[in-house]
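What follows is one structure encoded as structure tokens, with my remarks underneath.
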Amino acid sequence: MNKELLNCERVWLNVTPATLRPDLADYGLLEPHALGVHEGKIHALVPMQDLKGPYPAHWQDMKGKLATPGLIDCHTHLIFAGSRAEEFELRQKGVPYAEIARKGGGILSTVRATRAASEEQLFTLAAARIKSLIREGVTTVEIKSGYGLTLEDELKMLRVARRLGEALPIRVKTTLLAAHAVPPEYRDDPDSWVETICQEIIPAAAEAGLADAVDVFCEHIGFSLAQTEQVYLAADQYGLPVKGHMEQLSNLGGSALAANFGALSVDHLEHLDQEGIQALAHRGVVATLLPTAFYFLKETKLPPVAALRKAHVPMAVSSDINPGTAPIVSLRMAMNMACTLFGLTPVEAMVGVTRNAARALGEQERLGQLRVGMLADFLVWNCAHPAELSYLIGVDQLVSRVVNGEETLHG
């Protein structure tokens, strides 16, 4: 018996690993292997042809089924209260968003509902959404604040996010997005809101250990380039990496600014230009594509996928779960849309929810690949080929889900 396997607490025999290793072609597929876990990490990956018994006490034969890294949803807004279904109905009837917003709808309706909700209520609502992601193979999820827009309510959202990671079998990375919108209290003085973010909210979130990163919605209906830089400088003072909602509706040059700050990722990017692409390529910043928002908003301008590909910018894919522009709680659907709407290949979509998604969260040394030494977050699927994960939607193909070496689903 292989010595490394004998030291493992659990062994999965006869898995066909799609390793997603960058040094291997496409999905990084290997012949059937034994995968052993020790102390929450992948401790051994041994070809079945090299094995001889006896096996460790805790093993199971997966009969050649496909194994992949756990899926990573690296951009979500899944903590919120209230519903925007009525707004959706009005928009389908042709009512402009500006009119809906004037009547109290839009993002500020979500802000009011989220402020009014207790931590327990927000936890219950968000847990239901996360459980849907868990069922389709998500093992790590990023969750943003941004619907509180006061010091206490932003911290409330981040506390809920931390609780979700403690209570449910999923890794949670938190992002402070106080610069999501200007709250009504600061409507006539948005610069003062930016000062509040920089001088009060970022310090409080950092000192409480509630934020893993800081994000800004840099857009003509959001925050200017100068305001974004101000928030990034404050984040940098507290050692927090930055991210950005960039170039979704127009091109303000936010991606180049974010790249100058060594951002983990910039997201949306429908209006990204060549200068921005080169800045991302130069600094190795991840471009996160959000096809569900593109679909839901009926956008027509596509992100420059071919140019990103040519420049070797790493592309991630995420669900962007939120009540206003992407009420679609499915990373698998986002993978499909990334292929059908944006022109990614199924390989690129899979890399986008594993290896590159891990990089978008600063977790590329621990997550996103099947290799010895990585955290033991992996999935076993009842499907013939990894492309099925982007192709076939709505069918439960998940056989085994492992997080930190602990099995949380076995069919």
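Cβ coordinates come from backbone N, Cα and C, glycine included.
Counted within 10 Å of its Cβ, the other Cβ atoms near Asp320 (Zn(2+) binding site) come to 28, all protein chains included. Secondary structure from DSSP puts Asp320 (Zn(2+) binding site) in coil. Among the features that Swiss-Prot reports, Zn(2+) binding site is placed at His75, His77, His245, Asp320.
Residues or ranges marked as Fe(3+) binding site by Swiss-Prot: His75, His77, His245, Asp320. Under the three-state DSSP scheme, His245 (Zn(2+) binding site) falls in the strand class. Taking the Cβ of His245 (Zn(2+) binding site) as reference, residues of its chain lying under 8 Å away and at least six apart in sequence are, in sequence order, Asp215, Val216, Phe217, Cys218, Glu219, Gly222, Val266, Asp267, His268.
Secondary structure at His180 (4-imidazolone-5-propanoate binding site), as computed by DSSP, is coil. If you look up Swiss-Prot, you'll see Arg84, Tyr147, His180, Gln248, Thr325 marked as 4-imidazolone-5-propanoate binding site.
What Swiss-Prot records for Tyr147, Asn322, Gly324 is N-formimidoyl-L-glutamate binding site. A coil conformation is recorded for Tyr147 (4-imidazolone-5-propanoate binding site) in the three-state DSSP classification, outside any helix or strand.
Cα proximity to Tyr147 (4-imidazolone-5-propanoate binding site) (within 10 Å) is found for the following binding-site residues from His75, His77, Asp320, Gly324: His77. Neighbour density at the Cβ, taken as the number of other Cβ atoms within 10 Å, is lowest among the binding-site residues Gln248, Asn322, Thr325 for Thr325. Restricting the binding-site residues His75, Arg84, His180, Gln248 to those with a CA within 10 Å of the CA of Gly324 (N-formimidoyl-L-glutamate binding site) leaves Arg84, listed by sequence position. The binding-site residues listed here (Arg84, His180, Gln248, Asn322) include Asn322 as those with a Cα within 10 A of the Cα of His77 (Zn(2+) binding site). Sequence-distant contacts of His75 (Zn(2+) binding site), defined as residues of its own chain at least six apart whose C-beta falls under 8 angstroms from its C-beta, comprise Glu142, Lys144, Ser265, Asp267, Thr288, Leu290, Ala316, Ser318, Ser319, Asp320, Ala360.
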